[in-house]
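**Q** Found this in TrEMBL, in case it helps:
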type	residues	note
BINDING	C:C47, C:D49, C:H108, C:C111	Zn(2+) binding site
There are 4 protein chains.
Amino acid sequence: MQHIKVLPNYLAKRLERWRKTTFEDNREWYSHLAEHGQHPRAMFISCCDSRVDPVGMFEGEPGDFFLVRNVANLVPPYSPDRELHGTSAAIEYAVTVLGVSHIVILGHSGCGGVAACYEKCEGAGSKLDEDSSFISRWMDILTPGYERIKDIPGDRAERLQSLEHESIKVSLENLLTFPFVRDAVDNGRLAMHGAWTDIGSGELHAYDGSLDQFRPI
Amino acid sequence: MQHIKVLPNYLAKRLERWRKTTFEDNREWYSHLAEHGQHPRAMFISCCDSRVDPVGMFEGEPGDFFLVRNVANLVPPYSPDRELHGTSAAIEYAVTVLGVSHIVILGHSGCGGVAACYEKCEGAGSKLDEDSSFISRWMDILTPGYERIKDIPGDRAERLQSLEHESIKVSLENLLTFPFVRDAVDNGRLAMHGAWTDIGSGELHAYDGSLDQFRPI
Amino acid sequence: MQHIKVLPNYLAKRLERWRKTTFEDNREWYSHLAEHGQHPRAMFISCCDSRVDPVGMFEGEPGDFFLVRNVANLVPPYSPDRELHGTSAAIEYAVTVLGVSHIVILGHSGCGGVAACYEKCEGAGSKLDEDSSFISRWMDILTPGYERIKDIPGDRAERLQSLEHESIKVSLENLLTFPFVRDAVDNGRLAMHGAWTDIGSGELHAYDGSLDQFRPI
Amino acid sequence: MQHIKVLPNYLAKRLERWRKTTFEDNREWYSHLAEHGQHPRAMFISCCDSRVDPVGMFEGEPGDFFLVRNVANLVPPYSPDRELHGTSAAIEYAVTVLGVSHIVILGHSGCGGVAACYEKCEGAGSKLDEDSSFISRWMDILTPGYERIKDIPGDRAERLQSLEHESIKVSLENLLTFPFVRDAVDNGRLAMHGAWTDIGSGELHAYDGSLDQFRPI
């Protein structure tokens, strides 16, 4: 494939340093992980956003977190229609093969995907709002969340944050539509969690299901 | 939602430590990123596997890498069928909104998704090979890669590594089926790269498109 | 303008090589930067000296460092007198338009500007010490630093190094006299740093504000 | 100074790598430069913009280029008024102390300072256009250049490029108002040059004084 270029030099140099430091420090553990496979305790589902790194934030050591990153940390509803469902495949693998104990949905402030959904639902229009847009379709998952916040007063920033919270709640709700997830939760093998992080301040709001609200921790 | 528990304590404690160290060290930069948005130079598409962390390996600073993580680092073919396509949505956002300069497909040794595809194609059978399996369907993306390696001699480990390499090549090929990716590559705005890492040894094999082969760097 | 000659050949040849190598390797990123503008994380203020290159020393990739280079890495005090202030203009642009997260004052050993200030303050006299000298006036910015070191014992080399350290401290002090700098620091949007490099040994001394001293890193 | 933080970690790590690679490769030459001082062949006056690095573009080895970087690569007119003139001080040092053979004014596409001047002259207004703005005052140096291009037809992009070219020509004209520069040029000890680089394409336009025009090289 003539179009494919060798890894750019700035990345190759960084990798070289990683090998001499982090990898060397963890050599025996990487060797173990290669031989014995992964046994992660938690699965995270977070956003692709370059400013949010769950591994860094929660000090993930190699082998700790099975990690999905997609636009706006969304879980689609269970849909066994034989179509391609990348996030659902990851959830299936984490729950039925790896048997993770936790699934954490991690949302964040300033989410571009959530903003695109907001603009579309408000009828503001954008180039992402075309029929051919994958983002527009993907963000439709969040439409039920918009319905819940649309009549709440507030300025744009407040309403966007509410919708970001909804991106977490909708995902948690959709998670429970997967029979194998429901079963694992009901049998005490799996706990589900939601959290939202503010990029600028580093604050984390954890979702409390019993109160149905987000609270700083 | 009664089923949702507050974030477990072991994660909350780690987060608290992150806030006092890494976040504090980068406070001003996080503040900038919150206000000015993200402008990442590269997009990575890598696996959910808990043992492979692109941000760590390539020393990603906050804001550096727009990151998709799905099972087996796969890109499906361009399919504007109005279905949900999470990975395609992320690619669209990265290329058309953020204008990233690089897309790196990062594969790895011991990939469970690739192994599941291998077993299925070899007719070995597994519980993932059922009609209702999301993983089974998702890994069908890699079938064209299996066709290319199926007649190559070698033991199981060698053949699995070849198929892991194919997971990268198939994704690169599929990337080029997206019109906006093709356009950006043809206009010198986007470069595509592939690499495979060995978990146990820390080695990286970079794909060289002009030679159509992987070579250690 | 008859006096202006076309770029000399030795520079044109080097540029040609840069275009075929470094530029080509980073073509997509330069294209991004041209279209999306600059979003540098840090501003450096360093000396014009040909032996000190902050971009090289700190491996600055294109777009990383907004960079002022003037004689002796000096920041003048805030002076809104409607006169021409080139360095103040650059600081204003970096802080109020670009929103950089870091300003690093980088001094160095063997600084000719610092030496000229030292000779003048010691009454040694030099041709730079004339009324008409721009350097003499410019280096007056450092006079408060000389006052602090003048009674410290030591040989000329030691005292010059102390004055070089002062060139960094005076600049940091002056930086804080700019209202928009002070405001950004107080609001956690901007961090200020000082460092001094030894040309011959490659050592770097970082300024630690809490201890008010330079320490090798 | 409590406000000053130690050098951020991401820069310290990069410096460490520089020391082990580039510095080590040039150790003897750095040692020489520390002992014998600098004897640069050329002075560059270029912009602070993070996307333009004269040392990289013209493959400057340690000791090659005495380098001023200020907003919009401007040289103010000779003004022996005993005020602070940082750029004039650097020119004085380069020409009268170091005796450089070349001064190159290097401009570039997408210059924020030039754009600010353009908006102001066109009466478009901006927050940089206030009395208290250092940038506004500094960019007044370019006003004579605007006068020359203001009646030339063209769209905004074409007119901005013309004004970027003028930033180089005005600086060259102002350089010749310095008696010691004029003297060095007249006596064949100093040659002056102008060039403009396009960030996105890597092209360089060299100024040809005999034709009074910029031409790609």
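For all residues, glycine too, the Cβ spot is worked out from N, Cα and C.
Computed from a predicted structure; not experimentally measured.
Help me see these features in their spatial surroundings.
**A** The DSSP secondary structure for C:D49 (Zn(2+) binding site) is coil.
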**Q** Near chain D: which of the binding-site residues C:D49, C:H108, C:C111 have their Cβ closer than 8 Å to one of its Cβ atoms?
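**A** Among the binding-site residues C:D49, C:H108, C:C111, the ones whose Cβ sits under 8 Å from a Cβ of chain D are C:D49.
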**Q** Excluding near sequence neighbours, so keeping only residues 6 or more apart in the same chain, what lies with its CB under 8 A of C:H108 (Zn(2+) binding site)?
**A** C:S46, C:C47, C:D49, C:R51, C:V52, C:N73, C:E164, C:W196, C:T197, C:D198, C:I199
**Q** Please report the number of other Cβ atoms within 10 Å of the Cβ of C:D49 (Zn(2+) binding site).
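**A** Cβ-Cβ neighbours of C:D49 (Zn(2+) binding site) within 10 Å number 29.
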**Q** From the centroid of the CB atoms of C:C47, C:D49, C:H108, C:C111, the recorded Zn(2+) site, which same-chain residues not already listed sit within 8 A by their CB, in sequence order?
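**A** So the additional residues around the site are C:S46, C:C48, C:R51, C:V52, C:A72, C:N73, C:G107, C:S109, C:G110, C:G112, C:G113, C:V114, C:E164, C:I199.
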**Q** By a simple count, how many Cβ atoms lie within 10 Å of the Cβ of C:C111 (Zn(2+) binding site), its own Cβ left out?
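**A** For C:C111 (Zn(2+) binding site), the 10 Å Cβ neighbour count is 25.
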